[in-house]
Amino acid sequence: MHPPGAQPTFADLCDRCGACARACPTGIIRLDEQNLPQIDFTKGACDFCGDCAAACPTGALLKDDIANWPWRAEITGACLSMKGTACRACEDACEARAIRFTLLPQGRAVPVLDESQCSGCGECAFTCPTQAVRFTRPAPAERERTL
């Protein structure tokens, strides 16, 4: 997952200088094996400040496109609540309130994600004790419907 503002031809435009990673105030941008910037939500969350795009010398990241960040959270079966252990860390961490818990008949609560409210910031993933949150890119038509 490339940083917010990544252009469609990001891999071709990026000169692998690492300026975006150095500029990121939350420290979530790391360089992969090919020195391409990747988001690592185990280090924190994105506040969409645009510092990474401002530091990019090649236009591989553009500040104007940060709002078009296509990634959305998805909660996997590794979720403690889905397995019957009380945990609402993701809901508590989600400032946008995109994650809510629904009570099941057995008295167990499970997370439900409102994709239209999810910014893809990664706060839920950073907070999750079992790393049960992954990120997906909804199909373009689906994104338009939910945004």
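Keep in mind that glycine also has a Cβ here, set from the backbone N, Cα and C atoms.
Within its own chain, the domain '4Fe-4S ferredoxin-type' (6-34) is flanked in space by residues 40-41, 43-47, 49, 51-62, 65, 122, which lie at least six positions past its ends and keep a Cβ under 8 Å from the stretch. Residues annotated as domain '4Fe-4S ferredoxin-type' in TrEMBL: 6-34 (among others).
Feature annotation from TrEMBL assigns domain '4Fe-4S ferredoxin-type' to 35-66 (among others). Mean model confidence for the domain '4Fe-4S ferredoxin-type' (35-66) is a pLDDT of 97.
Annotation comment: TrEMBL describes 109-138 (among others) as domain '4Fe-4S ferredoxin-type'.
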#### Entry: Close approaches to the domain '4Fe-4S ferredoxin-type' (35-66) from elsewhere in its chain (Cβ under 8 angstroms; 6 or more beyond its ends)
1-7, 9-11, 13-29, 119-123, 125-126, 131, 133, 135
### Summary
DSSP puts the residues of the domain '4Fe-4S ferredoxin-type' (6-34) at 9 helix, 4 strand, 16 coil
